[in-house]
């Protein structure tokens, strides 16, 4: 029976996967006019019509009842069925097929629901029908077929035979007797399916999965058998790399997925355009396995899953167009039935009757031919009529003629639909180009105003930067200690003391306070200057220390060079006792000078470091004294401010005596601090003189040592000039070359020895690691053998056919109620 592919569209709830690149990407662009048509408000104005359109808030049960339930009933009647889930990545295909939880009545998908329906249909069938249910589960990953129920079976081949059609060789099939067993198989297969995370989907399927239900039924009374095979296909989603962010292995998987989906699209195009003589089923393993589902013996339902948001507008439009093309495919589904023995006997009886009729007709024709050969004439009424004239045209002939005419009309209609679709696509492309041109024309004048605003606003950062610099300078000026505000506070106090005889402060106290403030300010300034000078002198001392250390290092290098030369002469020459004595004396002198110089330099360096540490402590003490003076000065300034404010207000009681007492106490503390600072400054001057004297003495010692070293170098040069070392130098050169060669050989031997030791250690580590690995592999092998034995036992149990009887047996066998209630019967 010829029928078109059933296509339904389902829209997932609004959600933008990944980062939104433009404003408005989460806007809904789908308009539902009725339960069979949908239109996009962006990208295309065309209306898409399907067998059913499910909006965003559709439940799983509603989708199953209105699109899948009829296909399951057809499979129970003996037809083949196929259910596809197609769409972009993250559009809800796996959710539609499997669901979030196969045990949850609200979120479970199509496969768990049809499992229940299959076993419910078996339960409500007549008791004379015996069923067997087989399932298989496979995935196509990177164009390789893998058995999900036996994951070690990888890259299974595809075979085709005349009786079973296209099948996967080596794919395991398991007999089921209850929905719970099917659920366990689904969980096992889903656990090993290849998934990975992308920006569009946290659990993106990286392979196509095909779950197969095979339901075989046999009438125990007549012996007639029927079988139906249901393919449940969860396709991997088409991907755009810029949205998913795929890279590395994920990118290679995306390439294979898009290539297989492209092959599926090519097959659908070849089936719908009406012009292609060849359908490329063999371009992909997916289309090869599902060859009967596309234009063959199957009742196919395609679910196109779409996203309703503007962010995925292009992918949604492509998916809807794919569904429209697939709807034009026509399948020729038929019941897969085998005749019972009684039906076969009836056919044989009819064939025998027809053969007897043909034989009698042949005899009549032979008799008439013999009469004509003898020259006799046969009357018209006695002539034998033809079989075609005796019987009217059969119903089969009329039906074949009508079907041929219908097929011609269908082909013409298909060609016209293809031309109409191409015309619509061209019209949509022209409309999009026209819309883009209008947007460009509208946006051209608006580009000039922002440019002017940017030009006008350009000097703003420079102005704000200059203002920030001025504010920073003003803040720095405000932090300095100013004497003028304090003196300005004292003047009103002096004036009030002269005019008011009962003022609590005497004139001499105010004068003493004024002088104390002046002295404090002077001491504070001197302390700041002395701190700066001390910091500079410390830096100078550190530089001098570094210079002494560098000069000491240079002298040490020169001494080492001379010592090496003297040693070479002593070892190579061995001439003259006088020269040897002179060289020994010279070497002894150099060693004494160098040791003395090193001791002096080290002691001086240590002493200098101690002085620097003492100097640092003195500087820290001066800093603390400076902070104390600043605090006292600030206290006096606040007290003077309060006194001035009291005088200005004209308070009859005068200033607060407690405030005046605090001012006098602060002045006394400042006097003590000033004396302490003066004492520390004197100590600092004495320490400075000692440091300078020490530096001068050390500089003179360094100069003396340099002069002594130069004199020794002159003596050494004179000694070399007084001796003839030509032959000795040549011998020394030969000896040095040989020594270098020997040193090179020794170095190579050392390196080889080191390399051998390292290799031996590495080999020992590898040997130990290999032993551990062998032990672990042996343990794993034992565990694997145990698992394989268990799997083989369970798989053997799964390969045992489990016939199921219809639940109607309960009403027909009252004598044996326990036997009738059970679904499972042993053969």
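Heads up, the Cβ atoms here are built off N, Cα and C, so glycines get one too.
Worth saying up front: this structure is predicted, and the values here are computed from it rather than measured.
Here TrEMBL flags 87, 88, 89, 90, 91, 92, 93, 94 as ATP binding site. Mapped onto three states, the DSSP output places residue 93 (ATP binding site) in helix.
Within the model, the coiled coil (399-440) shows a mean pLDDT value of 66, rounded to a whole number. The annotation coiled coil is assigned in TrEMBL to 399-440 (among others).
Among the features that TrEMBL reports, coiled coil is placed at 531-565 (among others).
Marked as coiled coil by TrEMBL: 670-715 (among others).
Here TrEMBL flags 4-329 as domain 'Kinesin motor'.
Close to residue 91 (ATP binding site) in the fold, though at least 6 residues off in sequence, lie 12, 237, 305, 306, 307, 312, 315, 319, each with a CB less than 8 Å from its CB. Of all the binding-site residues listed here (87, 92), the one with the fewest other CB atoms within 10 A of its own CB is 92. Residues 12, 201, 237, 305, 307 surround the recorded ATP site, their Cβ atoms falling within 8 Å of the Cβ centroid of 87, 88, 89, 90, 91, 92, 93, 94, which are themselves excluded. Here the Cβ of residue 94 (ATP binding site) has 25 other Cβ atoms within 10 Å, regardless of which shown protein chain they belong to.
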